[in-house]
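Peer 1: A single structure is presented below for examination.
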């Protein structure tokens, strides 16, 4: 039974359609991320759930109540914005109390709830501070507490981590996820950062050009991307154009080398198809396992800290692969010929 | 510093100037400092001779007899009914015109910034406001006489079309409310010019955050927008007050010396139309300086209370 | 949504009529000098008056000299303060803003007493001295506007970096000021100049108390003696103010850097600078 339902929602501004036929059912307590590049319509969908935009067509319901035309202040949603949007004229405690105050809660209730919320985000000691006196990470935690204080039905997070430093971004996203699980609140999270989406969500909606390209768990999205767009947007991916040798046997040619796929190809012999391979799928180390091998010439090798990313040329294609760094490991030299071993099952045939 | 200072000078700017590196430290530093002060000399001299000293001269003169001995008589004379009445009239007129200007200007700015009207409307009003806020003084008085003077176009039109004589109904351009209406012509645009950027500074997210938390429009304005705007509104109000308080030409062109607001009274004193006592004149001027100063102090006090939340 | 739009439309219409009706009425009034017909008789009468042209040119000259004085004082000072003494900037700013707070009549009263016939420096005794007092007074009144305009200009220019760049290329001080800083500041200076002009041009208090044959006192005189000419003069004055502002806008937008400012900013030396 879904808690938040979006049915055939579209949004157009004049001739431009930014969201088309968007369908989504979110279960109670689920954490859903909208992932996509800027302009893909993810924020527009979020704002339609919040009520700041009215869908041009379609319906939105929360807890079996149609809210498509309900004003934002009657939807019982909590929203966290990219730029914190704390009220600058109020202290932390006053900010958190705001939703309860406008709802007409009595003083004791407000005080108790504010205390709970500040404890939840571990900022009890900053209750009397003003927003300008706090760091971005602290402000965003307060914004989260403020959104949660009136016990909303749905929590909406609009790129809440984008304005923060890398380190705080990681710690805060873990904190958000922990609080979300603790409260069991249905949450929609908008981001353009795939790592963020993969690490935090129950399910991810990958959006492209106003549509949902794929909806699935992070594992599915990453390992079984449905479209070329999803494959290229989520994670780093080698895209390899190959020539079909024998469709029935699943063999293809990369340059002069033959690779046998685990599936039957729909294309005919001589046609070009695109394969995808994750850089972490293979290894060039001696004794690496894998039923498939490709040999090529190293054209670049970059030390990225925990991993070494190497690029080799096979026929016309460039293939990158990552290997964990270790003190005993010497990165391959430029021009060296290396053999990459991997499992043919990791090769995805992409449809567009 | 002053109302004007703050309005014209957002905090971030002052900060950037101050945080600039102040020259290289080293052996040459003291000599450089001496040179640096010399560069300020022309300005310092000009300001001293034509701004500071004249004011100081008047202030000290207010505490002296014509023979030069110290006295409080001039200040005591200020409390005479005529002068006190004149101050009260000036304060009332300035308050009313500043209140009208601030309220109307805020409404107009709101309509221009947040009213969802086409962009060019805003551009047109801002441009016009730039002109109108400088269209004060005598030509403005003439324009209002031609409009709603006894024979003004609008006065005549209303009488002919509706058979309604606005002067018969108690309106008079050459009265308190007539002056207030005339002042509005430069006060309103001045308010629009200063408050529009402040309204631009209201973030859309604040309204959306408030709405998502269940607040109505009215609650948002009462609890967030107006408190955030209040230092700016307060500052503008006091600037409008000072603007009206010092206005002379418009009143003079409308009413001659009949309507004795303080500047008119001082004008008459200087012209020698009234029994001339320069030291009483100094006291009148001192009163005006004090009111300007007091309104600034008041502004600072109120602002510090309204603005605890600002860095 | 819709309601707020209707409300703002009503507000804007009321404001527009408040602003425009007096202008139109004045114009119509100025055409009614001859009974029963529209004519430009009032304008002809104004232009035929020798005092009109003489006071007008007197005021134009004094305004121009005032612009010269305030520019000569403000530009080097602002440059110097920004470059060498950023710490005194608040003080300079405070002083330049005083004329907005202290009523003009107080300032001119101070001049009259401080430089009167029995003072050490009796400027107001001679005609030349009084003229000097008048232009100095106008320069003082214009300080807030000129300073604001020039300071904004230097802010967008980042004159410190410009100066250092020029120095590193081997330019000496006068080259820097005349070849680098001033050309780039022209828009800001011209903006301040037009504002000064529109303020001092029809100014009444200083001119009247210093007893100068300026346009402001002439206007008052006409206002007392005539019926239709004042309306014509009001129309002409408004046109002149408008021309000043439009020219200012054109100059302000003619330069790179200045064009980035929000539309209308040039009209508005009092506006907060964008803090973004």
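Using N, Cα and C of the backbone, Cβ positions are placed for all residues, glycine too.
Please treat TrEMBL annotations as automatic predictions, because they have not gone through curation.
Below are the features listed in TrEMBL for this protein:
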TRANSMEM  C:7-27  transmembrane segment
DOMAIN    C:52-251  domain 'ABC transmembrane type-1'
TRANSMEM  C:56-79  transmembrane segment
TRANSMEM  C:91-112  transmembrane segment
TRANSMEM  C:132-150  transmembrane segment
TRANSMEM  C:187-210  transmembrane segment
TRANSMEM  C:230-252  transmembrane segment
Peer 1: Below 8 Å between Cβ atoms, which of the listed ranges C:7-27, C:56-79, C:132-150 makes the most pairs with the transmembrane segment (C:91-112)?
Peer 2: C:132-150
Peer 1: Which listed stretch (C:7-27, C:132-150, C:187-210, C:230-252) has the most C-beta pairs under 8 A with the transmembrane segment (C:56-79)?
Peer 2: C:132-150
Peer 1: Same chain only, please: residues at least 6 beyond the ends of the transmembrane segment (C:132-150) with a C-beta under 8 Å from a C-beta of the stretch. Say none if there are none.
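Peer 2: Counting only partners 6 or more residues beyond its ends, the transmembrane segment (C:132-150) has Cβ contacts under 8 Å with 62-63, 65-67, 69-71, 73-75, 78, 92-93, 95-100, 104, 107-108, 111, 115, 123-124, 185, 188-189, 191-193, 195-196, 199-200, 203, 206-207, 210, 212, 214, 269-270.
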Peer 1: Report, as numbers and ranges, which residues of the same chain sit near the transmembrane segment (C:230-252): CB under 8 Å and 6 or more residues beyond its ends.
Peer 2: 23, 26-27, 29-30, 42-43, 45-46, 186-188, 190-191, 194-195, 197-198, 201-202, 219, 222-223, 258, 261, 265-267
